[in-house]
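What TrEMBL says about this one:
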type   : residues : note
REPEAT : 189-223  : repeat 'PPR'
REPEAT : 224-258  : repeat 'PPR'
REPEAT : 294-328  : repeat 'PPR'
REPEAT : 329-363  : repeat 'PPR'
REPEAT : 399-433  : repeat 'PPR'
REPEAT : 434-468  : repeat 'PPR'
REPEAT : 469-503  : repeat 'PPR'
REPEAT : 535-569  : repeat 'PPR'
REPEAT : 605-639  : repeat 'PPR'
REPEAT : 640-674  : repeat 'PPR'
REPEAT : 734-768  : repeat 'PPR'
REPEAT : 769-803  : repeat 'PPR'
Amino acid sequence: MWVPAIRSASYRNIFKNSQFIRLKSVYSVAQLSPYFSDSSSDEQIGSTQMKNTELTNNTVEVDSYWVTEMLNSLREEPNDALSFFRQLKESGFKHDLQSYMAMIRTFCYWGMDMKLDSLLLEVINSGKKDLGFEVSDLFEELVEGLNAEGPNSLVRALDALVKAYASLRMFDEAIDVLFRTKRCGFGLSVLSCNYLMNRLVECGKVDMAVAVYKQLKRISVTPNVYTYGIVIKALCRKGHLEEAVGVFEEMEKAGETPNEFTYSTYIEGLCLYGRSDLAYDVLQAWKRVNVPLDVYAYTAVIRGFVSEKKLQEAEMVLLDMEEQGIVPDAFSYGAVINGYCNTGNISKAQAFHDKMEARGIKSNCVIVSSILQCLCKNGKTCDAVDQFSSFKNKGIFLDEVAYNGVIDALCKLGRFEEAEKLLDEMKGKRMTPDIVHYTTLINGYCLHGRILDALDLFEEMKAKGLKPDIITYNVLAGGFSRNGLVKEALHLLDQMKGQRLMPTTVTHNVIIEGLCIGGYVEEAVKFFNSLENKSAENYAAMVTGYCELGNTKDGYELFVRLSKQGVLIKRKSRLKLLSSLCLEGEYGKALKLFEIVLSLGDDTCKITYSKLIASLCSAGDMKRARWVFDNMVWRGLTPDVVIYTMMLNGYCRVNHLQEALYLFDDMKKRGISPDVITYTVMLDGHSKNLKRDRLSLDTRSNGRERKDSGWNMWEKMDPSVFWSEMNEMELTADAICYTVLIDSHCKSDNIDDAIRLFTEMIDRGLEPDSVTYTALICGYCKQGHVEMAKDLVNEMWRKGLQPDSCTISALHHGIIKAKKLHLRHNNNSAKNHR
């Protein structure tokens, strides 16, 4: 077949010809002639084989051979070749092995690695059915080309094939190409080997990565510093720390000097294995001997501590960076900020964000999105909206995730006009609102009963070509149900099926719970009964629905009925029922529920124990609370500081001081460190019961020696002992703790110590509240210092604190007491005078 010579300049016009782009099976000579070489085109046509039968009727047949030759002719213009290749494919032409090889040769020749990677991914993903050849055929063709032409740029294609397989997680195929290439006598780039090994490590196939490394050494592939770094990371993830250290020795023997990447990789590997403490020790030791370490190594340790929820240690590393003269970047601060956001400590997160910006480090959308989400989770939706505006005014780029979070916050606040404006603002910034943004706004409308608005937005979403998913339908179904629109909800289920979306258990549960929340219990029961195959989740939804409606009795009866059949509803619904029973004071039924759960084999939920203990302690039923607590310990669950603190508070409230101290001692023996709240509870218990116990013991003893062991223990554990322990543990007292201690000193007639603590509290930047002032005012009045008490009341007024009835009463009694003392003094003076 004759193939015309094509000039690159004239080829650029090919795509202007719509007939050529459409690609029919044959093209007229008149159509193709403008793209031939300009040199004597008529003569060239006359001297070629165009007169042969292949060009009968003045047409040129376009087949794979012709396309391949065209592509080869365009090797000097790779972008034109690619455009030609793509437009042929889009027009329906089926490229074969040779045309793909032509493009691969072009990309290899020009070093267009990214386009080569993309093309090979296309070949692998398409498969034999679409292409007419297999990847193995392509491999053989590459090897054949290399054997015929000698080592050349085609080796790039073999490297790219390894990378393409690895990127698709087709690791067996990648390794096969790697070693088949070596067997054919061609050496692969260590870069592609590194890529394969790193992908293996990142995908959790650590053993396979180490095995590839060992094989590379056997086939004489020389590792570079990054190869060693990847192996170190792999060994650290396996926990083979000594072997990882051994790799450094291998590097030394190979004459390869470790760099920042290698050192940082080892540190990162330790952190990923959960040994951030060891990683930090290593980092410090290396820093002392001037090992080159950059900000990445420190950030890896910070992230490690954050993932282990050791946020104070993460802060310490951040401070150490600054002391070492290494400037933290947004990733360093971002790790700490994200850690505090994940724990719900938004004040700390914002403080670090402010510190970061004060140091001139620009924030990013990942960090601010984390802060916004934390604010919303903490129920601070107004703050989230204000913070969003602040970030926007500072010029921080806000992505679709940030916008969605604030749209959700605005919907919860019922500020729908602002939410809609943000949606329009996104469009103006060339951000395309997706199904998530629309669903968020639809959900907001549904929660506020604006069903028609929700439906309008639902239709708008579909009109824009966004296909609602199962979540969107569930949101709308929940909205219909909460507003009693049962027929509409059922019609929506039919719509879902029409869109080939089958309603799930979640869909059914949303309708059941929605109807119950809206007060439509009969409709909920009717819908529930209409379900052919009821699951445990459906029963759980019914129990939750009863609780939401306040019909805890029916929810409890359904739970018991199911438990007799051996069905245990999901934990979330059980906790909801347990909370409802406790709120209604049905502690007997709550304990029965607890016993049923234990009997059915689910005894691992610490939240269940915590909720039940909290409720029983609040009700003052310490006998039952202790039974639940002991049951928890007996089953191997260690109570945390929160549960211990609840128990201690319960004992102190019912004046069981001896039990409180025994439990406090048991807590420390188990290695559970009391926190500030725990000590505050103990101090408060001491303060409230001290005077009462003294009076009680004095009455019973009638002057005899007091032998009550409970009293003796509390006498030893005075406030100074608790305070000393707190200082030893470096626990910083908060305003509540100071208030309790001031109150304790006042009740013990230690007014000087109370005044000292009050002053210390203010010096530390803690603001006394009305309770703090009242405690000290009572202490002053008790000692007869009425004028000082009046001064404190006036100070309260100046600070905008309203004295309550207790404060006024204390001052009133103090004044009356002072007057009585004054009258008594005057009477005594008069008698003496007479």
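For all residues, glycine too, the Cβ spot is worked out from N, Cα and C.
With a cut-off of 8 Å between Cβ atoms, the residues of this chain six or more beyond the repeat 'PPR' (605-639) that come close are 571, 574-575, 578-579, 582-583, 585, 587, 590-591, 594, 597-598, 646-647, 649-651, 653-654, 656, 659, 670, 672. Model confidence over the repeat 'PPR' (294-328) stands at 91, taken as the mean pLDDT rounded to a whole number. The helix, strand and coil residue counts that DSSP assigns across the repeat 'PPR' (189-223) are 26 helix, 0 strand, 9 coil. Residues 190, 193-194, 197-198, 200-201, 206-207, 209-210, 213, 216, 265-266, 268-270, 272-273, 275, 278 of the same chain sit 6 or more residues outside the repeat 'PPR' (224-258) yet have a Cβ under 8 Å from a Cβ within it. Helix, strand and coil counts from DSSP across the repeat 'PPR' (734-768) read 26 helix, 0 strand, 9 coil. Beyond the ends of the repeat 'PPR' (294-328), by six or more residues, the same chain brings 260, 263-264, 267-268, 270-272, 274-277, 279-280, 283-284, 287, 335-336, 338-340, 342-343, 345, 348, 356, 359, 361 to within a C-beta distance below 8 angstroms of the stretch. Long-range contacts of the repeat 'PPR' (469-503) within the same chain: residues 435, 438-439, 442-443, 445-447, 449, 451, 454-455, 458, 461, 510-515, 517-520, 523, 527, each at least 6 residues beyond the stretch ends and with a Cβ under 8 Å from a Cβ of the stretch. Sorting the repeat 'PPR' (535-569) by DSSP state (H, G, I as helix; E, B as strand; all else coil) yields 27 helix, 0 strand, 8 coil. Proximity of distant same-chain residues to the repeat 'PPR' (769-803), defined by a Cβ-Cβ separation under 8 Å and at least 6 residues beyond the stretch ends, is recorded for 735, 738-739, 742-743, 745-747, 749, 751, 754-755, 758, 761, 810-811, 813-815, 817-818, 821.
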